[in-house]
């Protein structure tokens, strides 16, 4: 018996170590792909200023690479969506459009401002999420959550005022990107709660629809400009752009797949903290590699915004726990009192003859009368 208990504890320890190793490996891949992707996009947009082309290349890479991934993973096809095509127009198409526009705005912000400043602006996502959840879902937040938004706003304002490479187009694009991703999260929560679909299938659908819907706009804007720009007709420049677009597309695919997998393994609080840590890693790596000029006040503003996001995640988790307890407690309070009556209490309140008479009366009342059956047919009975 002792040996069995020892084996159980050993197996539990090994499973816990494997889970920690798995989550740590995913975080490492997630942070590395995100930081490398942001740095490559920034360097690419400096010599190839076409954010629409970069966005479409990422969506095309995700769409192509998701096909063998779903075959290897043996992901079932979304039968519900095939049976009900209206959800393509009601849910999937708006999500694809929102994802494309948010991703395009993100690339415009990376084109106009440094990576560190762009990700500092994106730290305002909790602010947009709270406002949109209030307007769309009618969700009320606790006062603690509203207070945690103050350091986020203060940090972003300080970082914006002290940013040496400030650009209004980059600021507005980063805010639009953050608003788009927040709206996409809210809309997914509102519309996709009844749709059973694998996250890899959803990722592939959004990438496919986004690419097909906005590819005609590429011929009008970027395609026309690239065709008549002799700078990009050179073999070396064209090969350089195609190489970096391909690498960025693969990194974007890895980033999205790891992010979806990480969500399915950890709690929402752990994912939010990991996402905040990823933003700090991206900012630090971009400052180290790209050598963007920053001031001490600028770094302080970024730090205040990041700390505010962590406090917001903790307050949001506490609110969910409190709502869960409130949902359980009424059920506990409404349980009937099943305490058995003692024989002394029963005999003191009623005499034996009264109890016997009541017992026989209940039996007689519970018996079906013959008259009720006489007036019914066999089918009715």
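For all residues, glycine too, the Cβ spot is worked out from N, Cα and C.
Taken from TrEMBL, the feature transmembrane segment covers 12-32 (among others).
Marked as domain 'Sugar phosphate transporter' by TrEMBL: 22-313. Looking just at the domain 'Sugar phosphate transporter' (22-313), the mean pLDDT is 86.
Long-range contacts of the transmembrane segment (52-73) within its own chain (CB-CB distance under 8 A, at least 6 residues past either end) are made by residues 41, 44-45, 100, 103-104, 107, 198, 200-201, 203-204, 207-208, 210-211, 214-215, 217-218, 221-222, 226, 245-246, 248-250, 252-253, 256-257. According to TrEMBL, the transmembrane segment annotation covers 52-73 (among others).
Cβ atoms under 8 Å from those of the transmembrane segment (85-105) belong to residues 51-52, 55, 58-59, 173-174, 176-177, 179-181, 183-184, 187-188, 191-192, 195, 202, 205-206, 209-210, 213-214 of the same chain, restricted to positions at least 6 beyond its ends. What TrEMBL lists as transmembrane segment is 85-105 (among others).
Residues or ranges marked as transmembrane segment in TrEMBL: 117-137 (among others).
The transmembrane segment annotation in TrEMBL covers 144-162 (among others).
As annotated by TrEMBL, transmembrane segment applies to 200-221 (among others).
Summarising the annotation, TrEMBL assigns transmembrane segment to 241-266 (among others).
The transmembrane segment annotation in TrEMBL covers 287-312 (among others).
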| query | Any chance the transmembrane segment (144-162) and the transmembrane segment (200-221) have 3 or more Cβ pairs under 8 A, given the pairs are 6 or more apart in sequence? | reply | no
| How about the transmembrane segment (241-266) and the transmembrane segment (287-312): do they have 3 or more C-beta pairs under 8 A, pairs 6 or more apart in sequence? | no
